[in-house]
Amino acid sequence: MASADELKQAAAQAAAQKVQSGMVVGLGTGSTAAFAVGALAQRMQKEGLQFIGVPTSERTAEQARSLGIPLATLEEQPRLDLAIDGADEIEVGSLNLIKGAGGALLREKLVEASAAELIIIADASKKVAHLGTRFPVPVEVVRFGWKTTLARVEALGCQAVLRRTAEGDPYLTDEQHYILDCQFGPIANPAKLAEQLKGTVGVVEHGLFIGMATEAIIAGPEGIETLRQS
């Protein structure tokens, strides 16, 4: 039976085939997205694929540079042909997502909102009937007054905790913000919750990606499954 990493690798390889020479491609962040960056670098070396990557985090930028992928900022390339990224949960049917376990939700959303297509890659464990079933919703907040912001977010119906590093320090995003991991349970109306979170004072961004994914490539024990919005 294939391991989770082998399934992620299979989905990443399938997504990398979508990229054509001349494209500007958003490069996601996280363990699954890292496989896609590696698969694209392989195509550059073996097939002569030429593209420009727009990374969604310093971590992804470092990986891409080490593999020889030419990079640009969102300011330099404000329109992307497609973006490839992972997800923590994928709601079957809507393709609404929870993202942000890798801590890059703000830059991911900025880059991926600028892409004509967003291809999500994942193993089959990430499919859910309702967002919030397994994963918390990451909420990026300013550091000033974060406990007050946490209380405001919890008033929306969740239990929120400050994300910390393995050493016990508050986790800092690339933009030097904190992240609250918010357990809502199954979310009946993700679009409404997204609006409520966005309107909460102190919240910079949240990990609900509503209506953004155009396609999800899911790798499972029986092969590759492609999901589209229904």
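Cβ atoms are placed via backbone N, Cα and C, with glycine included.
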Given that Swiss-Prot assigns Thr29, Gly30, Ser31, Thr32, Asp85, Gly86, Ala87, Asp88, Lys99, Gly100, Ala101, Gly102 to the substrate site, pick the one from Lys126, Lys127, Lys147 that the record assigns to that site as well.
Lys126
Asp85 (substrate binding site): tally of other CB atoms within 10 A of its CB
31
Cβ-Cβ under 8 Å from Lys126 (substrate binding site), same chain, 6 or more residues apart: which ones?
Gly86, Ala87, Asp88, Glu89, Ile90, Ile218
To the nearest whole angstrom, what is the C-alpha distance linking Glu108 (active site, proton acceptor) and Thr29 (substrate binding site)?
8
